[in-house]
Amino acid sequence: PTFRYFTWYTCMLGIIGCAIMMFLINAIYASASIAFMLLLLLLIHYLSPTSSWGYISQALIFHQVRKYLLMLDVRKDHIKFWRPQILLMVSNPRSSMGLVTFINDIKKSGLYVLGHVQLGDLSTLPSDPLQAQYDSWLALVDHLNIKAFVNLTLADSVRHGVQHLLFISGLGGMRPNTLVLGFYDDCLPKDKLIESSLSATESTDPLNPSQDFEQPALYRFAYLRGSSDRRDYGEFGDGKVLGPQEYVSIISDAMKMLKNVALARYFNDFDRAQVLLPSSLAKRVVYVDVWPVNLLRPDSCSYVDTCSLFLLQLACILNMVKAWRKATLRLFLCVEEGRSVKGSQAKLGQLLKDLRIKAEVHPVPWDQVVALHWQRQGGLGKNQGYQSPDSATDEMEASAIEEESEDDYVNSFPSNATRVSDDYLAAVNKLILDQASPPPAVRFLYLPRPPADTRRYATYLHQLDLLTQDLGPTLLIHGVTPVITTDL
């Protein structure tokens, strides 16, 4: 309502007048009344039950958020103020609790969006099937105590749904710059929501473990593939709703849209609370292993390209999170015979010093591994004569730098990775496993670009599968935009 003889001036004058009169009458009682009022407000704010008449705080927050979002100008973005803004695609929350909580740590103070694609056509449905799911997703966010938004979409394919979310997620200057996907493999998912709910039920009533358990709204998600309660077998007969071709196409689409990409594998058994036990209880140090080099191309052992620096940045951000602050970063430096190990280690150490990243540098000889690569087995071309190892290496590094130049078009993917043998990938996988003493909590690996030829997508996915076989929780990361600068 609009009052004819009322303005904020008169309201402020009344407040000041009342406060003065209170203290003139009795200063002690006035101070005690104000303190009691503040305490009552805090109790109501944190302990009050849900009401049906609305909250004025929501209206005030909406006004302030809208105003500051309009002030957040994307044209004023600068690399110095970059932060991870992540879109995590979740197929089914039942098996993704470990990954959801881990990405909540790695996003630190950035934007975090949980995305989900449901297959369907709205024109053939009586109503929007997504509206009934939002309560369950929001309850999941509250249950996991994470700071995330939820975006659901309906599409005819998972690929189109991910494109929709990459285009429209966020608002103004707060839009995802990094896409995180689960890894495409044949591992059967485990229902972590049921396990956590059963453990909670047992702890609340240990004397009656046989009581019937009813799922609250939090757990009303679809059954996992491979479970006895699930009737459909998916489009590909194994419960999956997308194939390897479409999966790699999603990765390629994200890179075309200049989004960083991370693939998460073996996070289905990741337990954050167990990993981050206090050192006095666990009697061990938590390690985070970083391999910031393209292991599929030993000729491009550069630690200063955009992707490697992005990988280092994410590892550093994880180490800055309060829960991970006592973790130790281990950076592995792949070296070959004939090269100065101390020189390479000193250069990398100086780079870490300039970037203010604390990490242990571990040189790793990998001559026997590199010998299995096709480039070292006469695959450099028939027209090339004999070259000394140093000159050949210099030429390969120069060609790698040229291919990784920022002036290259974003879709100019290297195609020679398709010639990598399974023996070489198995040797690289063994090399990574041999350095895991003690085993790390999580690994960060370099994610190569998909091949330009879409017919080789299955081969590309097969290579990633062999590379990360049995490595434990692993993030394959590819960065497409600069995130680190040493300029003031």
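Heads up, the Cβ atoms here are built off N, Cα and C, so glycines get one too.
Since we're looking at a predicted model, the values are computed, not measured.
Feature annotations, reproduced from TrEMBL:
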type	residues	note
COMPBIAS	392-407	compositional bias 'Acidic residues'
DOMAIN	2-87	domain 'Amino acid permease/ SLC12A'
DOMAIN	99-186	domain 'SLC12A transporter C-terminal'
REGION	381-407	region 'Disordered'
TRANSMEM	6-29	transmembrane segment
TRANSMEM	36-56	transmembrane segment
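A mean pLDDT of 92 is what the model gives for the domain 'SLC12A transporter C-terminal' (99-186).
Residue counts for the domain 'Amino acid permease/ SLC12A' (2-87) by DSSP state, with H, G and I taken as helix and E and B as strand, are 61 helix, 2 strand, 23 coil. Residue counts for the domain 'SLC12A transporter C-terminal' (99-186) by DSSP state, with H, G and I taken as helix and E and B as strand, are 36 helix, 22 strand, 30 coil.
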